[in-house]
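Peer 1: First the structure, which I've put down as C-alpha coordinates, then a few questions once you've had a look.
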(Lines of atoms letter the chains of each structure in order from A; the text may use other names.)
(Lines give C-alpha, C1' and ligand atoms only; values in the text may rest on other atoms or scores of the structure.)
Protein backbone atom coordinates (compact mmCIF):
# COMPACT_ATOMS: atom_id res chain seq x y z
CA UNK A 1 0.00 0.00 0.00
CA UNK A 2 2.81 2.43 0.83
CA UNK A 3 4.45 1.80 -2.54
CA UNK A 4 1.10 2.42 -4.28
CA UNK A 5 0.84 5.79 -2.54
CA UNK A 6 4.42 6.56 -3.56
CA UNK A 7 3.57 5.77 -7.19
CA UNK A 8 0.40 7.88 -7.03
CA UNK A 9 2.34 10.86 -5.69
CA UNK A 10 5.02 10.35 -8.36
CA UNK A 11 2.39 10.37 -11.11
CA UNK A 12 0.72 13.48 -9.71
CA UNK A 13 4.13 15.14 -9.53
CA UNK A 14 4.66 14.45 -13.23
CA UNK A 15 1.19 15.79 -14.11
CA UNK A 16 1.97 19.03 -12.27
CA UNK A 17 5.36 19.33 -13.98
CA UNK A 18 3.89 18.77 -17.45
CA UNK A 19 1.01 21.15 -16.72
CA UNK A 20 3.51 23.80 -15.61
CA UNK A 21 5.26 23.51 -18.96
CA UNK A 22 2.01 23.95 -20.91
CA UNK A 23 0.14 26.78 -19.17
CA UNK A 24 0.79 30.42 -19.96
CA UNK A 25 -0.99 31.98 -16.99
CA UNK A 26 1.64 32.97 -14.40
CA UNK A 27 -0.63 32.17 -11.44
CA UNK A 28 -1.21 28.66 -12.78
CA UNK A 29 2.50 28.25 -13.53
CA UNK A 30 3.29 29.17 -9.93
CA UNK A 31 0.57 26.84 -8.64
CA UNK A 32 1.84 23.88 -10.67
CA UNK A 33 5.49 24.57 -9.80
CA UNK A 34 4.68 24.70 -6.08
CA UNK A 35 2.55 21.55 -6.21
CA UNK A 36 5.24 19.74 -8.22
CA UNK A 37 7.86 20.65 -5.61
CA UNK A 38 5.52 19.56 -2.81
CA UNK A 39 4.94 16.17 -4.45
CA UNK A 40 8.66 15.73 -5.01
CA UNK A 41 9.24 16.27 -1.29
CA UNK A 42 6.39 13.87 -0.46
CA UNK A 43 8.00 11.26 -2.69
CA UNK A 44 11.41 11.63 -1.08
CA UNK A 45 9.95 11.14 2.38
CA UNK A 46 7.83 8.17 1.31
CA UNK A 47 10.83 6.52 -0.38
CA UNK A 48 12.78 6.82 2.87
CA UNK A 49 9.93 5.10 4.72
CA UNK A 50 9.77 2.29 2.15
CA UNK A 51 13.51 1.72 2.56
CA UNK A 52 13.23 1.94 6.35
CA UNK A 53 10.67 -0.88 6.18
CA UNK A 54 13.27 -3.02 4.41
CA UNK A 55 11.78 -2.75 0.93
CA UNK A 56 12.72 -0.81 -2.16
CA UNK A 57 10.49 1.56 -4.14
CA UNK A 58 8.97 -0.21 -7.15
CA UNK A 59 7.19 1.00 -10.26
CA UNK A 60 8.57 4.53 -10.38
CA UNK A 61 10.09 4.05 -13.83
CA UNK A 62 6.79 3.17 -15.46
CA UNK A 63 3.55 5.10 -15.53
CA UNK A 64 0.17 3.46 -14.97
CA UNK A 65 -2.90 3.48 -17.18
CA UNK A 66 -4.50 5.61 -14.47
CA UNK A 67 -1.79 8.22 -15.08
CA UNK A 68 -2.27 8.25 -18.86
CA UNK A 69 -6.05 8.53 -18.59
CA UNK A 70 -5.73 11.28 -16.01
CA UNK A 71 -3.12 13.14 -18.02
CA UNK A 72 -5.18 13.04 -21.24
CA UNK A 73 -8.19 14.49 -19.45
CA UNK A 74 -6.02 17.05 -17.68
CA UNK A 75 -4.23 18.07 -20.90
CA UNK A 76 -7.55 18.52 -22.68
CA UNK A 77 -8.65 20.91 -19.94
CA UNK A 78 -5.36 22.80 -20.20
CA UNK A 79 -5.82 23.11 -23.96
CA UNK A 80 -9.39 24.44 -23.65
CA UNK A 81 -8.27 27.05 -21.12
CA UNK A 82 -11.33 26.35 -18.96
CA UNK A 83 -10.07 27.33 -15.51
CA UNK A 84 -13.24 26.25 -13.70
CA UNK A 85 -13.10 22.69 -15.09
CA UNK A 86 -9.34 22.56 -14.59
CA UNK A 87 -9.73 23.45 -10.92
CA UNK A 88 -12.46 20.82 -10.60
CA UNK A 89 -10.15 18.17 -12.06
CA UNK A 90 -7.32 19.18 -9.72
CA UNK A 91 -9.79 18.94 -6.82
CA UNK A 92 -10.78 15.45 -7.96
CA UNK A 93 -7.13 14.35 -8.06
CA UNK A 94 -6.59 15.75 -4.56
CA UNK A 95 -9.69 14.01 -3.18
CA UNK A 96 -8.53 10.68 -4.64
CA UNK A 97 -5.10 11.25 -3.12
CA UNK A 98 -6.58 12.06 0.31
CA UNK A 99 -8.64 8.86 0.11
CA UNK A 100 -5.46 6.88 -0.62
CA UNK A 101 -3.77 8.40 2.43
CA UNK A 102 -6.80 7.63 4.60
CA UNK A 103 -6.90 4.03 3.37
CA UNK A 104 -3.23 3.54 4.19
CA UNK A 105 -3.66 5.16 7.60
CA UNK A 106 -6.23 2.46 8.44
CA UNK A 107 -3.56 -0.23 8.09
CA UNK A 108 -2.54 -1.90 11.30
CA UNK A 109 0.99 -1.92 12.64
CA UNK A 110 2.20 1.26 10.93
CA UNK A 111 5.12 2.83 12.72
CA UNK A 112 4.52 6.08 14.56
CA UNK A 113 6.94 7.94 12.28
CA UNK A 114 5.12 6.69 9.18
CA UNK A 115 1.72 7.61 10.63
CA UNK A 116 2.94 11.11 11.44
CA UNK A 117 4.37 11.51 7.92
CA UNK A 118 1.17 10.28 6.27
CA UNK A 119 -1.03 12.54 8.39
CA UNK A 120 1.19 15.54 7.67
CA UNK A 121 1.20 14.91 3.92
CA UNK A 122 -2.53 14.19 3.83
CA UNK A 123 -3.26 17.37 5.77
CA UNK A 124 -1.09 19.39 3.36
CA UNK A 125 -3.08 18.00 0.43
CA UNK A 126 -6.31 18.81 2.30
CA UNK A 127 -5.18 22.40 2.95
CA UNK A 128 -4.34 22.93 -0.70
CA UNK A 129 -7.71 21.40 -1.63
CA UNK A 130 -9.42 23.92 0.66
CA UNK A 131 -7.46 26.74 -1.01
CA UNK A 132 -8.48 25.39 -4.39
CA UNK A 133 -12.14 25.32 -3.38
CA UNK A 134 -11.87 28.97 -2.37
CA UNK A 135 -10.23 29.84 -5.69
CA UNK A 136 -12.86 27.83 -7.56
CA UNK A 137 -15.64 29.71 -5.77
CA UNK A 138 -14.06 32.97 -6.92
CA UNK A 139 -13.86 31.74 -10.53
CA UNK A 140 -17.56 30.86 -10.51
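Any Cβ shown, glycine's included, is placed from N, Cα and C.
Where the annotation comes from TrEMBL, it is an automatic prediction and has not been curated.
Got these off TrEMBL a minute ago, pasting:
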- 2-106: domain 'DUF2383' (DOMAIN)
Peer 1: Looking at the domain 'DUF2383' (2-106) alone, can you tell me the average pLDDT?
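Peer 2: Result for the domain 'DUF2383' (2-106): average pLDDT 86.
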Peer 1: By DSSP, how many residues in the domain 'DUF2383' (2-106) are helix, how many strand, and how many coil?
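Peer 2: Tallied per class, the domain 'DUF2383' (2-106) gives 87 helix, 0 strand, 18 coil.
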